[in-house]
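*Asks:* Below are the features I grabbed from TrEMBL:
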type     : residues                                 : note
ACT_SITE : HIS134                                   : active site, proton acceptor
BINDING  : 34-53, 116-119, 225-227, 251-253, SER269 : NAD(+) binding site
BINDING  : TYR78, ARG81                             : substrate binding site
BINDING  : CYS142, CYS145, CYS183, CYS188           : Zn(2+) binding site
DOMAIN   : 9-279                                    : domain 'Deacetylase sirtuin-type'
Amino acid sequence: MASSQTTSAIRMSSDLASFRKELRQAKHVVALTGAGVSAESGVPTFRGAGGFWRKWQATDLATPQAFNRNPSLVWEFYHYRREVMLTKKPNNGHIAIAKCEKRFLSEGRKFTVITQNIDELHYTAGSKNIIELHGSLFRVRCTKCGHREVDRSSPICEALKDRGEPDVDVPDARIPVDQLPKCRQPDCGGLVRPDVVWFGEMLDEVVLQKATAELDTCDLCLVVGTSSVVYPAAMFAPELASRGVTVAEFNVEETPASGAFKYYFQGPSGETLPSALAP
Ligand code: BV8
Ligand code: ZN
C-alpha cells in the first residue's frame with residue numbers, strides 16, 4: 001500500500017472509489033501493459049530519456065532490416081538489454097497486478113495480463129495468465145530452421161561477453177556471424193535471433209488470437225505505462241472503450257488515447273496500482 005505521504009502526492013485525476021467499485025464487480029479484467037510498468041524497476045522505456053542505446057533508438061534496431069544488415073550490432077543491443085535485466089526486479093506495480101490476479105482467481109473471476117514488454121517482469125512478479133504480444137528477451141528463434149527455445153545464458157555467446165555497452169562513443173563489436181548465437185538443433189547451427197516481434201513484422205497469429213479472445217470477453221481494462229503509439233497494441237484499449245467497456249489508464253502523463261478512457265490515474269504505476277487494486 002503506498003504510504004500516506006506518496007498517496008497525497010499523487011494527483012488522482014479520476015474518482016478512485018468509483019473505479020474500485022467497478023473493479024469489485026468486474027468478472028474478467030485485462031491489464032494491458034507497456035514499458036512504463038517496468039520503469040520503476042530501472043528498465044529504460046522506449047520514448048523516455050532511456051530510449052537510446054549508443055546513437056540509436058529501439059525503432060532503428062528492432063527491425064528485420066537492421067538485423068539482416070548488421071546482426072552483430074542488433075545482438076549487441078539485445079545482449080545489453082538481457083544483461084540489464086539480470087539486475088532488475090519487479091516493482092510494486094507488477095506485484096499489485098500479480099496479487100490482484102491471485103485474488104480474482106480465488107473468487108472465481110478472471111484476470112489476464114497482455115503485455116507489450118519483453119522483460120518477463122510480470123512472470124517474476126508472480127502473474128500467471130500472461131500474453132506476451134511482442135515476445136521475450138529470453139527466447140531465441142533460429143533464422144534457418146525456425147526452432148524456438150528459452151535461452152537465459154549470460155553471456156548468450158562468448159563473443160558478446162563484456163560487449164553491448166550503451167555509451168554513444170563505443171565502437172561496434174563487428175562480431176563475425178559464425179561467432180554470434182547459434183541454433184542448438186542437431187545438424188542446424190543456424191544464426192539465431194531474439195524471439196521478439198520487430199517493427200514491420202506481424203505479431204504471432206496464435207498470440208494475437210489469444211489476446212483478441214481475452215479482449216472480447218473482458219468487462220474492465222487497465223492500460224498501464226504505455227504511450228499507445230505502437231500498433232496493433234495501441235488500438236486494443238480504444239476499441240474496448242468504443243464498445244462501452246470501462247478502461248482505466250495508469251500513466252505519469254496523458255497519452256493520445258487518454259481521452260477515450262473512463263478513468264485516468266496520474267502517477268508512477270508502482271504507486272498508483274497498489275492503492276487502486278488493493279482488496
Ligand atoms: C505490425 C519488441 C503489421 C521489440 C516492439 C511503417 C512501416 C512498418 C510498420 C509500421 C509503419 N507505421 C506503423 C507501423 C506499424 C508499427 C508501429 O506501430 N510503428 C509505430 C512506431 C508507429 N507496428 C508494427 O510494426 C507491428 N507490426 O504492425 O505488423 C504490419 C507489417 C508490416 C507493415 C505494416 C504493418 C509490430 C510492433 C512491435 C514492435 N516491437 N517490441 C523490442 O522490444 O526490442 S514495440 C516496443 O515499443 C514495445 O514492445 C512497445 O510496444 C513499444 C513501446 O511502447 P510502450 O510500451 O508504450 O513504451 P513507451 O516508452 O513508448 O511509453 C512508455 C509509457 O509509460 C509512456 O506513456 C510514459 O509516460 C509511461 N511511463 C513512464 N514511466 C511510468 C509510466 N507510466 C506509469 N508509471 C511509470 N513509472
Ligand atoms: Zn536451427
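Every residue gets a Cβ built from N, Cα and C, even glycine.
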*Asks:* Tell me which recorded positions (PHE46, HIS134, CYS142, CYS145, CYS183, CYS188) have a Cβ under 6 A from ligand 2; sequence order is fine.
*Replies:* CYS142, CYS145, CYS183, CYS188
*Asks:* Do you know the mean pLDDT across the domain 'Deacetylase sirtuin-type' (9-279)?
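*Replies:* Mean pLDDT for the domain 'Deacetylase sirtuin-type' (9-279): 95.
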*Asks:* Taking ligand 1 as the reference, state which of the recorded positions GLY50, HIS134, CYS142 have a Cβ closer than 6 Å to one of its atoms.
*Replies:* HIS134
*Asks:* Near GLY50 (NAD(+) binding site), which residues of its chain come within a Cβ-Cβ distance under 8 Å, counting only those 6 or more away in sequence?
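*Replies:* Residues satisfying the criterion: PRO44.
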*Asks:* Given the recorded Zn(2+) site (CYS142, CYS145, CYS183, CYS188), which additional residues of the same chain have their Cβ within 8 Å of the Cβ centre, ordered by sequence?
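*Replies:* Near the Zn(2+) site, the remaining chain residues are THR143, LYS144, GLY146, HIS147, LYS182, ARG184, GLN185, GLY189, GLY190, VAL192.
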*Asks:* Return the member of SER38, PHE46, TYR78, ARG81 nearest to CYS183 (Zn(2+) binding site) in space, with distance defined Cα to Cα and candidates limited to these binding-site residues.
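*Replies:* Sorting the binding-site residues by distance from CYS183 (Zn(2+) binding site), the top entry is TYR78.
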*Asks:* Cα of GLN116 (NAD(+) binding site) to Cα of ARG81 (substrate binding site): how many Å, rounded?
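*Replies:* Rounded to a whole number, the Cα-Cα distance is 15 Å.
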*Asks:* To the nearest Å, how far is the Cα of the residue listed as 'active site, proton acceptor' from the Cα of CYS145 (Zn(2+) binding site)?
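*Replies:* Between the alpha carbons of the residue listed as 'active site, proton acceptor' and CYS145 (Zn(2+) binding site) there are 20 Å.
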*Asks:* Based on DSSP, name the secondary structure state of CYS142 (Zn(2+) binding site): helix, strand or coil.
*Replies:* strand
*Asks:* Once near-sequence residues are set aside, which residues in the chain of CYS142 (Zn(2+) binding site), 6 or more away, have Cβ atoms under 8 Å from its Cβ?
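*Replies:* Expected: ARG148, CYS183, GLN185, CYS188, GLY190, LEU191, VAL192.
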*Asks:* Using a Cβ-Cβ cut-off under 8 angstroms and a sequence gap of six or more, which residues of the chain neighbour VAL252 (NAD(+) binding site)?
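*Replies:* Expected: GLY36, GLN266, GLY267, PRO268.
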*Asks:* What are the sequence-distant neighbours of ARG81 (substrate binding site), meaning same chain, six or more residues apart, C-beta distance under 8 angstroms?
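*Replies:* Looking at Cβ-Cβ distances below 8 Å from ARG81 (substrate binding site), excluding near sequence neighbours, one finds ASP119, LEU137.
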